[in-house]
Amino acid sequence: MGQQQQQENLTLLPMSSSSAAAAADAAAASSPAASAGRLFTAGLVASWYASNIGVLLLNKFLLSTYGFRYPVFLTACHMSACALLSYAAAPRAARPRRSRGQLARVALLGAVFCASVVAGNVSLRYLPVSFNQAVGATTPFFTAVLAYAVAARREACATYAALIPVVAGVVIATGGEPSFHLFGFIVCVGATAARALKTVLQGILLSSEEEKLNPMELLGYMAPVAVVLLIPATFIMERNVLTMVTALAREDPSFIWILLCNSSLAYFVNLTNFLVTKHTSPLTLQVLGNAKGAVAVVVSILIFRNPVTFMGMLGYGITVAGVVLYGEAKKRSK
């Protein structure tokens, strides 16, 4: 009987330790430090959403509703703000020295990055934000195609199969888009492909551990390259832009503040994206990214009142579902 009681006590002890550990974990999760951490992460996500959706809607407002039809100049403003704020955040003297070869590769990435942003802004002149986001959601498709074409990098069959709904959804959305514009659609597809090409080239050109840069460091090097390319392009393609900016500033002083706010937001989009990536898991980031696109679509429809159809929304939903499946397939194949 005494031996049986002793065995019961021994079996109860681990359960008590387990309960104590669970209680300790629960206490740690509900501690002020943990609560503050969750609030900080939530604030970062909210800032990421606000800056990303804000710059998208302001671009649409300036280029379409306001009538400021100078997307190259607008992109130059964005890149100038990114260059200045990146330098303010990390002065060049505080940065590690880079080899000429690495700087040349970064310059190439900067040129591709610049082309993608210009094309994206041009497309907003002709397409509603909702359709622009639907086309932009096909980035994984172009990334997979270009990774195979440029680097001969193959994915698993399940990963390629997941891209079928990504493309099918855009085809359905295109057929159901009442504000469809062929030139805007072609430019938007080009912008999406350029973003994918930049991702692929970044993986090839900056693949070694010594050459890898975090997104904010890369932006600090790419933005000045974009400014150097965009300033002459602005004066060649949009010759009367300075006259128009001066006239608009005289007629409406708030125009300059809108332009400055829009340009600053372009930098904070990259900053908040970097911070959210740092403080969340890849899965959480993927879910948040998909949700962000949906929020941008809803907000843009509420603000700009662009007509939408059931087929358009269905197509966008299928594309987003395909992107989710693609992410899951890539995760399983690793």
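Note: Cβ is positioned from N, Cα and C throughout, glycine not excepted.
Any TrEMBL annotation is an automated prediction that lacks curation.
For reference, TrEMBL has these:
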type	residues	note
DOMAIN	43-326	domain 'Sugar phosphate transporter'
TRANSMEM	39-58	transmembrane segment
TRANSMEM	70-90	transmembrane segment
TRANSMEM	102-124	transmembrane segment
TRANSMEM	130-150	transmembrane segment
TRANSMEM	157-174	transmembrane segment
TRANSMEM	180-197	transmembrane segment
TRANSMEM	218-235	transmembrane segment
TRANSMEM	255-276	transmembrane segment
TRANSMEM	283-304	transmembrane segment
TRANSMEM	310-327	transmembrane segment
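Averaged across the domain 'Sugar phosphate transporter' (43-326), pLDDT in this predicted model comes to 89. Tertiary proximity for the transmembrane segment (310-327) is limited to same-chain residues at least six positions away from its ends with a CB under 8 Å from its CB atoms, namely 130-131, 133-134, 137-138, 140, 144, 159, 162-178, 286, 290, 293-294, 297. It is 39-58 that, among the stretches 39-58, 70-90, 157-174, forms the most Cβ pairs under 8 Å with the transmembrane segment (255-276).
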